[in-house]
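As recorded in TrEMBL, the features of this protein are as follows:
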DOMAIN    1-101  domain 'FAD-binding FR-type'
BINDING   ARG52, PRO53, LEU54, SER55, VAL69, TYR70, GLN71, GLY76, THR77  FAD binding site
BINDING   CYS221, CYS226, CYS229, CYS245  [2Fe-2S] cluster binding site
Amino acid sequence: MSLVKIHSHTAIGSEIYELTFVSPVDLQAVGCEPGQFLHIRVTDSFDFLLRRPLSLCKMDIEHNLVTVVYQVKGAGTKRLSEKQVGDVLDVLGPLGHGYPLHALDRAALLIGGGVGVPPLVELARQLQKAGKVVHTVVGFQSNQHAILISELAAYGAVTVVTNDGSLGRKGLVTDELTNDFCSSYDRYYACGPTPMLQAVQQILEKHKLPGYLSLEERMGCGIGICVGCVHKVSRDGQEMNVKTCKEGPVFAAQEVLFT
(Lines of atoms letter the chains of each structure in order from A; the text may use other names.)
(Lines give C-alpha, C1' and ligand atoms only; values in the text may rest on other atoms or scores of the structure.)
Protein backbone atom coordinates (compact mmCIF):
# COMPACT_ATOMS: atom_id res chain seq x y z
CA MET A 1 0.00 0.00 0.00
CA SER A 2 1.25 3.48 -0.90
CA LEU A 3 -0.09 7.00 -0.61
CA VAL A 4 0.53 8.82 -3.89
CA LYS A 5 -0.31 12.26 -5.27
CA ILE A 6 -2.47 12.86 -8.33
CA HIS A 7 -0.45 14.44 -11.16
CA SER A 8 -3.31 14.98 -13.65
CA HIS A 9 -6.97 14.01 -13.94
CA THR A 10 -9.01 14.73 -17.06
CA ALA A 11 -12.19 13.58 -18.80
CA ILE A 12 -11.42 11.93 -22.14
CA GLY A 13 -14.84 10.56 -23.10
CA SER A 14 -18.41 10.04 -21.99
CA GLU A 15 -17.97 9.52 -18.22
CA ILE A 16 -14.43 8.24 -18.91
CA TYR A 17 -11.42 9.71 -17.11
CA GLU A 18 -7.65 9.53 -17.44
CA LEU A 19 -5.88 9.61 -14.07
CA THR A 20 -2.11 10.00 -13.71
CA PHE A 21 -0.25 9.79 -10.42
CA VAL A 22 3.16 9.02 -8.98
CA SER A 23 3.83 5.30 -9.22
CA PRO A 24 3.62 3.41 -5.91
CA VAL A 25 6.78 1.53 -6.97
CA ASP A 26 9.99 2.38 -8.82
CA LEU A 27 9.01 1.54 -12.40
CA GLN A 28 12.62 1.29 -13.53
CA ALA A 29 13.52 -1.20 -10.81
CA VAL A 30 10.36 -3.30 -10.72
CA GLY A 31 9.72 -3.69 -14.45
CA CYS A 32 5.91 -3.67 -14.46
CA GLU A 33 4.09 -5.61 -17.17
CA PRO A 34 1.38 -4.18 -19.43
CA GLY A 35 -1.89 -5.74 -18.34
CA GLN A 36 -1.16 -5.61 -14.62
CA PHE A 37 -3.53 -3.57 -12.47
CA LEU A 38 -3.54 -1.17 -9.54
CA HIS A 39 -6.02 -1.48 -6.67
CA ILE A 40 -7.19 1.99 -5.70
CA ARG A 41 -9.11 3.00 -2.60
CA VAL A 42 -11.33 5.91 -3.59
CA THR A 43 -11.93 7.29 -0.08
CA ASP A 44 -11.42 6.53 3.61
CA SER A 45 -15.19 6.36 4.09
CA PHE A 46 -16.66 3.06 5.26
CA ASP A 47 -19.17 3.41 2.42
CA PHE A 48 -16.41 2.48 -0.04
CA LEU A 49 -14.34 -0.20 1.67
CA LEU A 50 -13.49 -2.18 -1.48
CA ARG A 51 -10.76 -0.95 -3.76
CA ARG A 52 -11.27 -0.47 -7.50
CA PRO A 53 -9.01 -2.52 -9.82
CA LEU A 54 -7.75 -0.36 -12.71
CA SER A 55 -5.40 -1.60 -15.42
CA LEU A 56 -2.17 0.20 -16.19
CA CYS A 57 -2.65 2.29 -19.32
CA LYS A 58 0.67 4.16 -19.56
CA MET A 59 3.96 4.05 -17.70
CA ASP A 60 6.29 7.05 -17.76
CA ILE A 61 9.49 5.47 -16.47
CA GLU A 62 11.52 8.69 -16.70
CA HIS A 63 9.20 10.57 -14.33
CA ASN A 64 7.93 7.47 -12.46
CA LEU A 65 4.29 8.20 -13.33
CA VAL A 66 1.50 5.75 -14.10
CA THR A 67 -1.79 6.39 -15.87
CA VAL A 68 -5.06 4.53 -15.54
CA VAL A 69 -8.30 5.08 -17.42
CA TYR A 70 -11.68 4.32 -15.91
CA GLN A 71 -15.39 4.77 -16.56
CA VAL A 72 -17.82 6.07 -13.96
CA LYS A 73 -20.16 3.15 -13.29
CA GLY A 74 -21.25 3.64 -9.69
CA ALA A 75 -20.86 5.66 -6.54
CA GLY A 76 -17.25 4.59 -6.01
CA THR A 77 -15.90 5.60 -9.41
CA LYS A 78 -18.07 8.73 -9.24
CA ARG A 79 -16.25 9.69 -6.04
CA LEU A 80 -12.93 8.93 -7.73
CA SER A 81 -13.84 11.22 -10.64
CA GLU A 82 -14.16 14.12 -8.18
CA LYS A 83 -10.53 13.86 -7.08
CA GLN A 84 -8.32 16.85 -7.93
CA VAL A 85 -4.67 17.33 -8.87
CA GLY A 86 -2.61 17.18 -5.67
CA ASP A 87 -5.07 14.94 -3.84
CA VAL A 88 -3.67 11.78 -2.30
CA LEU A 89 -4.69 8.26 -3.33
CA ASP A 90 -4.25 4.99 -1.46
CA VAL A 91 -2.86 2.60 -4.09
CA LEU A 92 -1.91 -1.08 -3.94
CA GLY A 93 0.13 -2.65 -6.70
CA PRO A 94 0.95 -3.23 -9.46
CA LEU A 95 -0.76 -6.59 -9.02
CA GLY A 96 -1.38 -9.72 -11.05
CA HIS A 97 0.24 -11.02 -14.21
CA GLY A 98 0.26 -9.01 -17.42
CA TYR A 99 0.80 -9.71 -21.11
CA PRO A 100 4.04 -11.56 -21.90
CA LEU A 101 6.05 -10.47 -24.93
CA HIS A 102 7.58 -13.16 -27.15
CA ALA A 103 11.02 -12.46 -28.57
CA LEU A 104 10.54 -14.44 -31.79
CA ASP A 105 7.22 -12.83 -32.75
CA ARG A 106 7.34 -10.35 -35.61
CA ALA A 107 3.78 -8.99 -35.60
CA ALA A 108 1.09 -8.67 -32.93
CA LEU A 109 -2.65 -8.14 -33.18
CA LEU A 110 -4.23 -6.19 -30.33
CA ILE A 111 -8.01 -6.32 -29.83
CA GLY A 112 -9.89 -4.08 -27.42
CA GLY A 113 -13.47 -3.22 -26.61
CA GLY A 114 -14.72 -0.18 -24.68
CA VAL A 115 -12.90 0.39 -21.41
CA GLY A 116 -10.88 -2.73 -22.17
CA VAL A 117 -8.79 -0.60 -24.54
CA PRO A 118 -6.56 1.24 -21.99
CA PRO A 119 -4.12 -1.58 -21.11
CA LEU A 120 -3.41 -2.05 -24.81
CA VAL A 121 -1.70 1.36 -24.98
CA GLU A 122 1.25 0.37 -22.81
CA LEU A 123 1.32 -3.05 -24.45
CA ALA A 124 1.51 -1.45 -27.91
CA ARG A 125 4.31 0.82 -26.77
CA GLN A 126 6.39 -2.04 -25.43
CA LEU A 127 5.76 -4.22 -28.48
CA GLN A 128 6.78 -1.43 -30.84
CA LYS A 129 9.86 -0.69 -28.74
CA ALA A 130 10.80 -4.38 -29.07
CA GLY A 131 10.63 -4.07 -32.86
CA LYS A 132 7.26 -5.75 -33.43
CA VAL A 133 4.69 -4.70 -36.01
CA VAL A 134 1.54 -3.71 -34.11
CA HIS A 135 -2.03 -3.53 -35.41
CA THR A 136 -4.83 -2.69 -33.01
CA VAL A 137 -8.54 -3.28 -33.60
CA VAL A 138 -10.76 -1.36 -31.19
CA GLY A 139 -14.52 -1.28 -30.82
CA PHE A 140 -16.82 1.23 -29.12
CA GLN A 141 -20.55 1.85 -28.82
CA SER A 142 -20.24 5.18 -30.65
CA ASN A 143 -17.84 8.03 -31.35
CA GLN A 144 -18.77 9.53 -27.96
CA HIS A 145 -17.30 6.47 -26.24
CA ALA A 146 -14.13 6.25 -28.35
CA ILE A 147 -10.89 6.72 -26.42
CA LEU A 148 -7.11 6.51 -26.85
CA ILE A 149 -7.12 6.09 -30.62
CA SER A 150 -4.35 8.63 -31.25
CA GLU A 151 -2.24 7.09 -28.48
CA LEU A 152 -2.51 3.66 -30.08
CA ALA A 153 -1.84 5.09 -33.54
CA ALA A 154 1.56 6.26 -32.31
CA TYR A 155 2.66 2.62 -32.19
CA GLY A 156 1.05 1.11 -35.29
CA ALA A 157 -2.03 0.78 -37.45
CA VAL A 158 -5.44 1.14 -35.79
CA THR A 159 -8.79 -0.13 -37.06
CA VAL A 160 -11.83 1.43 -35.37
CA VAL A 161 -15.33 -0.01 -35.36
CA THR A 162 -18.45 1.32 -33.65
CA ASN A 163 -21.82 -0.27 -33.08
CA ASP A 164 -23.65 2.59 -34.78
CA GLY A 165 -21.08 3.45 -37.45
CA SER A 166 -20.52 6.96 -36.08
CA LEU A 167 -16.74 6.42 -36.18
CA GLY A 168 -14.74 4.04 -38.34
CA ARG A 169 -16.55 0.98 -39.63
CA LYS A 170 -19.98 -0.10 -38.44
CA GLY A 171 -20.04 -3.41 -36.61
CA LEU A 172 -18.08 -5.37 -34.03
CA VAL A 173 -14.37 -6.04 -33.62
CA THR A 174 -15.01 -9.68 -34.48
CA ASP A 175 -16.17 -8.64 -37.95
CA GLU A 176 -12.56 -7.70 -38.72
CA LEU A 177 -11.06 -11.02 -37.66
CA THR A 178 -11.06 -12.84 -40.99
CA ASN A 179 -8.60 -15.64 -41.62
CA ASP A 180 -6.76 -13.61 -44.28
CA PHE A 181 -6.41 -10.64 -41.93
CA CYS A 182 -5.25 -12.69 -38.95
CA SER A 183 -2.71 -14.71 -40.95
CA SER A 184 -0.36 -11.71 -40.88
CA TYR A 185 0.16 -11.96 -37.11
CA ASP A 186 2.04 -14.30 -34.80
CA ARG A 187 -0.07 -13.67 -31.70
CA TYR A 188 -3.02 -11.70 -30.39
CA TYR A 189 -3.72 -9.84 -27.16
CA ALA A 190 -7.30 -9.00 -26.18
CA CYS A 191 -9.06 -7.05 -23.46
CA GLY A 192 -12.71 -6.12 -23.21
CA PRO A 193 -16.13 -7.29 -22.05
CA THR A 194 -16.59 -11.02 -21.54
CA PRO A 195 -18.90 -11.62 -24.55
CA MET A 196 -16.30 -10.00 -26.81
CA LEU A 197 -13.48 -12.09 -25.35
CA GLN A 198 -15.48 -15.27 -25.78
CA ALA A 199 -16.23 -14.47 -29.42
CA VAL A 200 -12.61 -13.50 -30.11
CA GLN A 201 -11.38 -16.72 -28.53
CA GLN A 202 -13.71 -18.86 -30.65
CA ILE A 203 -12.83 -17.15 -33.92
CA LEU A 204 -9.07 -17.04 -33.45
CA GLU A 205 -8.95 -20.61 -32.22
CA LYS A 206 -10.39 -21.59 -35.61
CA HIS A 207 -7.71 -19.47 -37.28
CA LYS A 208 -5.08 -21.23 -35.13
CA LEU A 209 -3.75 -17.93 -33.83
CA PRO A 210 -2.42 -18.15 -30.25
CA GLY A 211 -3.05 -15.31 -27.86
CA TYR A 212 -3.89 -13.91 -24.47
CA LEU A 213 -7.10 -12.71 -22.85
CA SER A 214 -7.35 -10.20 -20.01
CA LEU A 215 -10.41 -11.16 -18.00
CA GLU A 216 -12.84 -8.76 -16.38
CA GLU A 217 -13.86 -9.96 -12.93
CA ARG A 218 -15.01 -8.21 -9.77
CA MET A 219 -12.13 -8.14 -7.30
CA GLY A 220 -12.50 -7.64 -3.59
CA CYS A 221 -9.00 -7.86 -2.15
CA GLY A 222 -6.84 -8.01 -5.28
CA ILE A 223 -4.29 -10.32 -3.65
CA GLY A 224 -5.96 -13.74 -3.75
CA ILE A 225 -7.46 -13.92 -0.28
CA CYS A 226 -11.19 -13.26 -0.69
CA VAL A 227 -11.73 -15.68 -3.63
CA GLY A 228 -14.20 -13.25 -5.16
CA CYS A 229 -12.71 -13.29 -8.67
CA VAL A 230 -12.50 -17.01 -9.41
CA HIS A 231 -12.59 -18.10 -13.04
CA LYS A 232 -12.51 -21.58 -14.55
CA VAL A 233 -9.61 -22.69 -16.76
CA SER A 234 -8.42 -25.94 -18.30
CA ARG A 235 -4.81 -27.05 -17.75
CA ASP A 236 -3.36 -30.40 -18.78
CA GLY A 237 -6.87 -31.68 -19.43
CA GLN A 238 -8.08 -30.75 -15.96
CA GLU A 239 -10.65 -28.07 -15.20
CA MET A 240 -9.83 -25.89 -12.22
CA ASN A 241 -10.74 -22.60 -10.62
CA VAL A 242 -8.08 -19.89 -10.47
CA LYS A 243 -7.98 -16.47 -8.85
CA THR A 244 -8.06 -13.83 -11.56
CA CYS A 245 -6.34 -11.22 -9.41
CA LYS A 246 -3.44 -13.52 -8.51
CA GLU A 247 -2.89 -15.72 -11.56
CA GLY A 248 -4.33 -13.25 -14.05
CA PRO A 249 -5.92 -11.05 -15.10
CA VAL A 250 -4.10 -12.15 -18.27
CA PHE A 251 -4.34 -15.81 -19.27
CA ALA A 252 -3.33 -17.83 -22.30
CA ALA A 253 -6.44 -17.86 -24.47
CA GLN A 254 -6.52 -21.63 -24.96
CA GLU A 255 -6.89 -22.32 -21.24
CA VAL A 256 -9.78 -19.94 -20.50
CA LEU A 257 -13.22 -21.54 -20.16
CA PHE A 258 -16.42 -19.56 -20.60
CA THR A 259 -19.46 -21.31 -19.11
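Positions of Cβ are set from backbone N, Cα and C atoms, glycine also.
Nobody curates TrEMBL annotations by hand; they come from automatic prediction.
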Other CB atoms, at most 10 A from the CB of VAL69 (FAD binding site): 24
Secondary-structure category, per DSSP, in which GLN71 (FAD binding site) falls: strand
Diameter of the FAD binding set by C-alpha atoms, the set being ARG52, PRO53, LEU54, SER55, VAL69, TYR70, GLN71, GLY76, THR77, in angstrom: 16
Tally of DSSP helical, extended and coil residues in the domain 'FAD-binding FR-type' (1-101): 14 helix, 49 strand, 38 coil
Average pLDDT across the domain 'FAD-binding FR-type' (1-101), rounded to a whole number: 87
Position of peak Cβ density within 10 Å, selected from the binding-site residues LEU54, CYS245: CYS245
Neighbour count (Cβ, 10 Å) for ARG52 (FAD binding site): 21
Secondary-structure category, per DSSP, in which CYS245 ([2Fe-2S] cluster binding site) falls: helix
